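Working notes, beginning with the structure itself.
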Amino acid sequence: MEKGNMGGILRTKSDQLVESMMAALKSPQSSDHSTNGVEGSGGLSRKSSRRITAASPGRGGGKNTHIRKSMSAQMKIELDELSSGAALSRASSASLGLSFSFTGFTMHSDQIADSRPFSDDDMIPEDIEAGTRTKTKFQTEPTLPIYLKFTDVTYKVVVKGMTSSEEKDILNGISGSVNPGEVLALMGPSGSGKTTLLNLLGGRLSKTTIGGSITYNDQSYSKFLKSRIGFVTQDDVLFPHLTVKETLTYAARLRLPNTLTKEQKEKRALDVIYELGLERCQDTMIGGSFVRGVSGGERKRVCIGNEIIINPSILFLDEPTSGLDSTTALKIVQMLQDIAEAGKTVVTTIHQPSSRLFHKFDKLILLGKGSLLYFGKAAEAMNYFQSIGCSPLISMNPAEFLLDLANGNINDVSVPSELDDKVQMGNAEVETTYNGKPSPAVVHEYLVEAYESRVAETEKKKIMVSVPLDENLKAKVCSPKRQWGASWDEQYSILFWRGIKERRHDYFSWLRITQVLSTAVILGLLWWQSDAKNPKDLQDQAGLLFFIAVFWGFFPVFTAIFTFPQERAMLTKERAADMYRLSAYFLARTTSDLPLDLILPVLFILVVYFMAGLRLSVAPFFLTIVTVFLCIVAAQGLGLAIGATLMDLKRATTLASVTVMTFMLAGGFFVQKVPIFISWIRYMSFNYHTYKLLLKVQYEHLSPSINGVKIDSGLTEVAALVAMVFAYRFLAYLSLRRMKLQTGS
């Protein structure tokens with residue numbers, strides 16, 4: 001009888017639901033808002049109800065808006081009452097806007113509309129004046145599923161002392177696994193080895209000191225995986241003067257496959273901006289220490305966008321919530337969960353998460369002093385530690401409880417019976433603290449032994465089970481070929497224009513312009529309308545020409561020294577992801593400065609040349625500019641070589657000061673007769689060759705010799721400067737190649 005009554009109630013409910021839906025479809029007020037948004041589904045979305053309600057009265061909202069909202073809410077409640085299974089509740093939660101479409105595992109749009117009548121992702125026209133915008137979804141090629149496994153992973157570093165060196169263990173036998181659709185959290189106190197383990201799994205460290213096994217779909221690491229792995233570093237390594245849109249657009253053009261057109265890549269960047277909720281700040285500069293820009297949470301989302309734009313199979317993140325408030329951190333972790341649900345494998349280190357964050361993780365690895373204290377489901381971690389006698393004595397955040405245990409702090413934790421018995425019996429082998437509890441070292445040893453004896457073998461057996469994939473997918477992972485997103489000339493072009501956009505703010509800063517123009521004005525006043533026909537004035541003009549050679553040799557060297565040390569983090573990050581070839585970067589980086597380098601010297605010469613009364617003729621004027629430009633490019637090469645070789649600003653500045661001073665003294669103005677055993681230095685000095693060229697340009701019509709310098713065509717000096725331009729830059733390139741090998745990227 002009860003079954004019959006229940007069936008009648010269900011039929012009545014369903015009839016009411018059908019009637020209410022038919023009424024909604026016939027309503028003329030709702031038809032305008034549902035035509036484009038429902039896309040053939042015939043239903044009202046919860047999102048549309050919220051957006052229509054948000055519109056102000058008098059703009060199409062009014063009484064009908066509230067009727068539609070209540071009708072939609074009633075329909076949702078009746079649907080929930082009709083369902084008694086877990087499947088409908090999962091579908092309901094999936095429609096709360098928590099789904100990302102970063103992969104191709106998507107249904108046809110018509111099927112989506114039919115199967116999810118209450119989806120938050122339905123497209124609807126909105127009231128622009130209400131301040132809302134439509135979020136679009138984008139689809140990419142299907143993601144290659146990658147099952148990550150690692151067993152007995154060890155890592156050692158060599159610590160060099162004054163007299164000897166010793167090996168230090170960073171990781172001791174770490175095992176675990178993570179599958180597509182899961183989020184694995186690496187937790188532990190500072191210095192426990194979280195970041196080292198993350199770098200090992202991401203292929204960012206040298207293989208010589210690694211022990212154990214790390215496999216991707218049961219295959220070892222290969223360079224092919226660089227295009228399948230997204231790696232978000234702890235520090236937000238971004239160019240401060242580029243906007244959010246420019247940053248993601250350049251990343252898309254460099255990293256996405258070259259089968260896509262430029263327009264498709266730029267559209268993908270815009271789609272990522274909307275997916276990550278960055279549309280409000282897309283035209284805002286990223287900012288940095290001295291440049292105001294986006295907020296910390298937005299910077300972190302830009303970093304994540306840089307990686308997910310390539311549709312990676314695995315996403316590694318190093319402490320993505322550091323420095324963020326709890327609400328922003330929760331949004332970031334929720335985003336990671338959404339990305340994982342789209343078929344990706346997500347591994348992240350986490351530092352001091354809130355309880356809400358902790359419950360978002362699928363799997364957990366707890367590290368302490370480089371040893372594994374727990375691996376398994378995050379939801380079962382508390383049960384495991386209670387089973388070995390460690391349970392909190394007060395209400396606390398599960399993450400805080402686990403971090404206390406990893407630190408050996410058991411002040412608010414029950415002491416395991418085994419250790420308590422040893423302490424009570426006064427066992428001499430058990431160190432205790434002042435309150436009679438076991439010391440942190442003893443607690444750490446107990447936790448390691450407990451995990452190895454109770455759980456480790458079982459988990460290793462689970463990890464050893466082969467991945468359920470066909471051989472083609474496994475073969476793709478072990479492909480030795482790299483995948484470049486753009487050809488060499490495209491990489492050069494993109495990096496060239498990116499460099500100009502980034503550094504134009506520095507080149508045209510008021511400080512630099514004031515420095516150059518003020519120096520030019522002072523020189524023009526000191527040498528005001530000097531006459532070269534007078535021998536005394538000619539000597540004065542020679543001093544002016546030598547100062548010009550020194551100034552435009554000194555200035556570029558100390559500017560170029562900062563180039564590679566400042567961009568080292570960015571270069572390492574982008575090269576580790578195979579965004580471009582090092583040769584394309586180096587050539588673009590060195591040539592993008594040339595147009596900017598020409599502007600200030602031209603302004604300088606324009607002021608000095610006419611104020612000082614130098615030779616008033618077209619050819620000498622332009623030859624003077626060319627000579628100064630050659631000096632600048634050669635001096636820049638020296639600065640690039642010193643900076644790239646040392647990669648330390650203090651040491652590089654010291655070496656550059658000594659070098660530039662030596663070149664200046666050997667430049668031919670202070671000492672004309674240099675001892676033969678040291679005279680070779682002047683031929684390496686760009687000041688010497690520039691000074692001689694300037695004399696020949698200005699006084700070729702006056703005398704066959706000026707200050708011991710023979711006036712001729714000057715081809716020897718030009719050849720020497722051109723040789724320096726290429727030689728110094730080649731040395732800088734070789735130094736960068738060496739740096740790349742040292743970082744293991």
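Placed from the backbone N, Cα and C atoms, the Cβ positions cover glycine too.
The region 'Disordered' feature in TrEMBL is assigned to 24-67. According to TrEMBL, the compositional bias 'Polar residues' annotation covers 27-38. The domain 'ABC transporter' annotation in TrEMBL covers 148-394. As annotated by TrEMBL, transmembrane segment applies to 510-530, 542-565, 586-612, 618-643, 655-681, 718-736.
Mean model confidence of the domain 'ABC transporter' (148-394) amounts to 91 (pLDDT, 0 to 100 scale).
Contact check: the transmembrane segment (655-681) against the transmembrane segment (542-565) gives at least three Cβ pairs closer than 8 Å, residues 6 or more apart, which meets the contact criterion.
By number of Cβ pairs under 8 Å, the transmembrane segment (586-612) is matched best by 510-530 from the list 510-530, 542-565, 618-643, 718-736. Counting same-chain residues at least six beyond the ends of the transmembrane segment (542-565), those with a Cβ under 8 angstroms from any Cβ of the stretch are 519, 523, 527, 530, 571, 589, 597, 601, 604, 608, 612, 628, 631-640, 642-644, 647-649, 652-653, 656, 659-660, 663-664, 667-669, 686-687, 690-691, 694-695, 698, 706-707, 732, 736.
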